[in-house]
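Each remark here refers to the structure printed beneath this line.
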Amino acid sequence: MKALVKKNREAGLWMEEVPVPQVGKNDVLIRVKRTSICGTDIHIYHWDEWSQKTIPVPMTIGHEFVGEVVATGENVHDVEIGETVSGEGHVVCGRCRNCLAGRRHLCMNTSGVGVNRPGAFAEYLSIPVTNVWHCDPAIPLEVLSCFDPFGNAVHTALSFDLLGEDVLITGAGPIGIMAVAVAKHAGARYVVITDVNEYRLDLARQMGATRAINIQKTSIEETFRELGMKEGFDVGLEMSGNASAFRSMISNMCHGGKIAVLGIQQPETVIDWNTIVFNGLTIKGIYGREMYETWYKMTAMLQSGLDISKVITHRYHYTEFEEAFRVMASGKSGKVILNWEE
Ligand code: NAD
Ligand code: ZN
């Protein structure tokens, strides 16, 4: 089968012919139909420091996908051939305290599809049945292929009560943009999002942001006053990984405000700890998605009118992956989809 492989320990990806993966007793073999490109895939493409430490070579990459079941292992009884499925990219141990307690997103033995084990940018993918998500076939395939990052947005956004609250999101990347729509759907009053990228701020407006501000031109304080807010934001969603964005969030929260941090911060990022202490802020780190509470919420919200389709801005055939990766890395895109069907 064809697969997009990190073949050499250098920048780039290679379209290779590799064997169809083995289907173990507890596994499901999926014929991949659509995939979407994640920031992580861009890091792997460019072979940054994190990738050099993390990715064994050769490795088929990719973890955002949807496809059709074509084979199941002998212990698998509740997955039908032909079914449309997506899947959780975090493969957990199932035996640690958190796994046994149903907090699988907190497993300390997590391995990543397309990072530590063969991924989804391929014609076929094999994953454990416990990682398979049965999709609602009424949801478009390209939206289903984004359930992994959409799940990051949902898990982060729904960390704290949003009904009637004012929400600040830093970073209008694909995940921040989806979080805008989720926060509005969940009943937030104002949703203000910041970035430095006009293309993405415009997408955030289309997804329902009350204000999408370029912090190089407009301050959060200004926006805050203009909206007639007096006490600061109730909930913050850090989705940029940028230190100054994180600092500006901390200084614009109300007393007792709650912040969920998804953005991966630089080591030794300096923040104002005493604002956190004196203003009684809560900070919660977010990794991945809840298995499978987040997946239920994503499905239910889409079924009850949430529309995230505008986050998808580009579509390519898998053979055009170079162009797809170039567009994704340019910052002038939302989600970029690869079609693996003929
Ligand atoms: P992205 O890199 O596409 O988006 C980040 C955005 O932040 C960009 O649009 C960038 O222009 C913007 N930005 C840069 N400086 C800024 C500033 N000073 N103020 C406001 N915005 C600024 O990333 P994404 O795919 O949308 O993911 C969001 C973040 O979440 C990234 O940091 C990513 O690494 C992280 N992430 C974490 C997890 C997890 O499990 N914790 C999972 C996926 C992604
Ligand atoms: Zn575990």
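Note: Cβ is positioned from N, Cα and C throughout, glycine not excepted.
Because TrEMBL annotations are produced automatically, they should be read as predictions rather than curated entries.
From the candidate list I175, I220, I250, the residue TrEMBL records in the NAD(+) site shared with D195, R200, L262, G263, I264, I286, Y287 is I175. Nearest Cα neighbour of C96 (Zn(2+) 2 binding site) among the listed recorded positions (C38, T40, H63, I264, I286): I286. Taking the Cα atom of each, C93 (Zn(2+) 2 binding site) and Y287 (NAD(+) binding site) are about 16 angstrom apart. Comparing C-alpha positions, L262 (NAD(+) binding site) sits nearest to T40 among the recorded positions T40, E64, C99. Proximity of the binding-site residues H63, D195, G263, I264, Y287 to ligand 1, judged by a Cβ distance under 6 angstroms to any of its atoms, singles out D195, G263, I264, Y287 in sequence order. Around D195 (NAD(+) binding site), the same-chain residues six or more apart in sequence whose CB sits under 8 Å from its CB are G171, A172, G173, G176, L201, A204, A212, N214, I215, S240, listed in sequence order. Taken in sequence order, the binding-site residues H63, I175, Y287 that lie near ligand 2, meaning a CB under 6 Å from one of its atoms, form an empty set.
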